[in-house]
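Following: one structure in structure tokens, then a few remarks.
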Amino acid sequence: MAKLIVEVLDASDLMPKDGQGSASPFVEVDFDEQRQRTQTKTKDLYPQWNERLVFNIKNPRQVEDQTISVYVYNDQRYGHHKNFLGLVKISGASIPFNDSEALVQRYPLDKRGLFSHIKGDISLRIYIGDVLGSDNVMPESFPVETEQQNVNSGEDRTTLFPILNEINTNNSFEEQYMETETKKKKKKEPEVRTFHSIPAQAAGPPPPPAEKPPVMVERRADFAKAGGPMASNVMQMQMPGGPRPEFGLVETRPPLAARMGYWGRDKTASTYDLVEQMHFLYINVVKARDLPVMDISGSLDPYVEVKLGNYKGVTRHYEKNQYPVWNSVFAFSKERLQSNLIEVTVKDRDFGKDDIVGKVMFDIVEVPLRVPPDSPLAPQWYRLVNKKGEKISQGEIMLSVWMGTQADEAFPEAWHSDAHMASQQNLVNTRSKVYFSPKLYYLRVHVIEAQDLIPSDRSRMPEAYVKLQLGHQGRTTKPSPMRHINPVWNEELMFVASEPFEEYLIIDVADRVGPGKDEVMGRAMISVRNIPTRVDTAKLPDAIWFNLLKPSHHAADEDEKKKEVKFSSKIHLRIWIDAGYHVLDESTHFSSDLQPSSKHLRKPSIGILELGILSAKNLLPMKSKEGLITDAYCVAKYGNKWVRTRTLIDHLAPRWNEQFSWEVFDPCTVVTIGVFDNCHINGNDKARDQRIGKVRIRLSTLETDRIYTHFYPLLVLTPSGLRKHGELHLAIRFTCTAWVNMVAQYGRPLLPKMHYVQPISVRHIDWLRHQAMQIVAARLARAEPPLRREVVEYMLDVDYHMFSLRRSKANFFRIMSLLSGISAVCRWFDGICFWKNPLTTILVHVLFLILVCYPELILPTIFLYLFVIGLWNYRFRPRAPPHMDARLSQAENAHPDELDEEFDTFPTSRPTDAVRMRYDRLRSVAGRVQTVVGDLATQGERALAILSWRDPRATAIFIILALIWAVFLYVTPFQVVAVLIGLYWLRHPRFRSRLPSVPVNFFKRLPSKSDMLL
């Protein structure tokens, strides 16, 4: 007996109904007067049931006229009714009659009435099949096999997720793409089902059990409503399968001040409203005076100890000082207060046990609350008391104690109880800081010529070349084409210079005496501060002759040496700083700043970007080998501004709740947020901070004035494969302050004008980008606390340009995805031409004739169609920001050898056999690319050969036909020609032949140069 099988998998983003921000959902399915339900998932807005409900089908022929109703309810265990969470009605006409044709589809939940508050969707898999057993088997519900169950039972994971199969690296990209296209085509073909009544005895033995088809998850935005025709997508391309749930975004609703309205705001809501408010107890220890003498030497070595429960903070100590000044702030999290008393003790450091000078006690209940923009709390003098609570004869300490939030000015520099395990010296490595990249410029050097060079060997003419050095950047000209004491080069070299221009440009003119042996004939040193600056495409500065001195002359006093030197060689240079360019220090694909170096050329800002780094969860223990967990901190970069959160020690779910803002000058830019494990808590300067993950968000994909709060997966690609290191909770808002300027920005070029008027070659751009990255990393590493080189390189993607077979595959499939839209249009038009749907073909004929008769309607029709398509797709617009896509990056199914090659050093450090195997693989891929390029060249050469008389008969035939067509088109109205060509192109299949057309045959017979190749 046929059964209707409804697999209820999961739901997401359900509406909270229990008054506590959650719900306890269950699903109830109603079909043909049969009703079944799933289990209840307590307190879960993203439930996963994975249950199968089986219903009896009384008459299979009436299934198409029936409706399956799926209801989602909130289970109120102590109430008298159940809350409605949404419903889905599915027409029986859309149900496949085979398990292999059933797909997992996501249905948005519908409202029951006009005033229902419903959101979210549900994942179902519905099909009609036979259940083993007798016909009297009662409908039952049992769990569906999940991926985890398959793993536990030893089954291959690829039965459910074929995309995770290991890809043979020797397979070509074309084979994989054709396989995918074949699956798509099979899926889109219309299904014709015929029901036959076959007795069980005549059916024969059952076929062997087929392999369970892969479960392909497809998000259904427009499904078939009950009793109505099936809706179809318009220009909607969806990837089969979708991303894995653990690699996707999770939308959240944290209690932010920006969403609470007027009643939930406080004084800081206007500037600190994208994070959850956290309260801290602040103790500001300013100084002390008139401390009593504690040592025989007549003084004391004072320091202050602030104690709150088990937390203890200590200031630095001063030697022999009765009037010390500390200016230290201590911050204790209100969530972890372990006592109601604050004890501030002044101690004297001694060789044995430290002596207590005096102390001050505070009750937390009496501590005032201070919220910015209130003025800072004024510190007060307090008399010290001894252990018995009696005031001592002398000694006072200046303190201020208040309860504040993370918006307090003292928050970044304070000692935090979260970092109580860090020593006083290493405490600086845990603090929150803001950094700025140095302002970069392009420095151009035009090496023209030199005169009166003096080689060491007067009997030979020098083979002169110029070597230039600016900091760590070195460039060399080619040897002069003529060997002479007055050589000419006429070459232009570029460098990256940074403010405050403290470096010198060193110019050496050298003679290539022999292989590997060079001799410097003269040197000139020019301070970068003295080099003129060109702002726009103005006139170039004049070239200047510089004296070339021996290198030894620069070691001693220059003034004295200039007096001694009566004659010197000279070099003719034109040097200037170009401030009209933007110095690229990151890839243009995800650049965060496109402004020119000169302030005078910069446009006003168009908006403000606000980022709230809330928390992280499920972080992996990065220091498990050392017996520790993770000391996580975040770094965010946009433009030239870098921000760093404080380090939370030994936390797998840290809560930062820090907010930052940037000025936005171009919406087509990207903000990058990285999470790292701090490996310098214990003072190990040789350690490197470990990367936990990274998130990129393009501002142009965000709606203005909307707050996005999501958990972003932290994905890291390692030599062993793709790993998820946790999830990062972010809140982001893009506010536009100049709508006209922002709209006008879309019509302007991305880079400043100089990049197009005087473009820099790609080869030079790549080298200059690398140098700019090195300068930025070196400058930020000199800050306190330093933003270390490994952090800057990871944020700037230093190795993005390195070869990766995985990335090459990803780019190939991106191109194929683009071409799939064109191929879909071609298949649709092919169906029109072959009359697969006569009604559609007739409508196309009518539209074609109308456009031919009224050609002035062609362009308006095209643009109106584009407008309608864009308006229709507005309903399906992405509601979440973009994030790292593991499937698009081909990271889920990357071969281990491909990853090992991607993480190989440059030059390679792998064994010879591995390098040989990879080289052969690359040759195989390059051979296929070579074949495709050769085919394209062949088609182009055939087109050029039409009028070249390379084939005299073909050219003669073509020109005669061209003359006939010219006469025909001259005497025939254009509309008649268009109608004839269109009707011929759309002719019925009865008038078509399977043989290639005459023009195609003629073109393929034209000669090319492929037979001339060796």
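Glycine is no exception: its Cβ is also placed from the backbone N, Cα and C atoms.
Going by TrEMBL, these are the annotated features:
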type	residues	note
DOMAIN	1-105	domain 'C2'
DOMAIN	262-382	domain 'C2'
DOMAIN	419-542	domain 'C2'
DOMAIN	590-712	domain 'C2'
REGION	180-213	region 'Disordered'
TRANSMEM	842-872	transmembrane segment
TRANSMEM	957-986	transmembrane segment
Mean of pLDDT values spanning the domain 'C2' (1-105): 85
Counts by DSSP class (helix H/G/I, strand E/B, coil) across the domain 'C2' (262-382): 6 helix, 52 strand, 63 coil
Cβ contacts under 8 Å made by the transmembrane segment (957-986) with residues that lie 6+ beyond its boundaries: 832-833, 841, 844-845, 848-849, 852-853, 855, 946-947, 1002
CB contact flag for the domain 'C2' (590-712) and the domain 'C2' (262-382), at least three pairs under 8 A: yes
DSSP-assigned states of the domain 'C2' (419-542) in counts, ordered helix, strand, coil: 9 helix, 62 strand, 53 coil
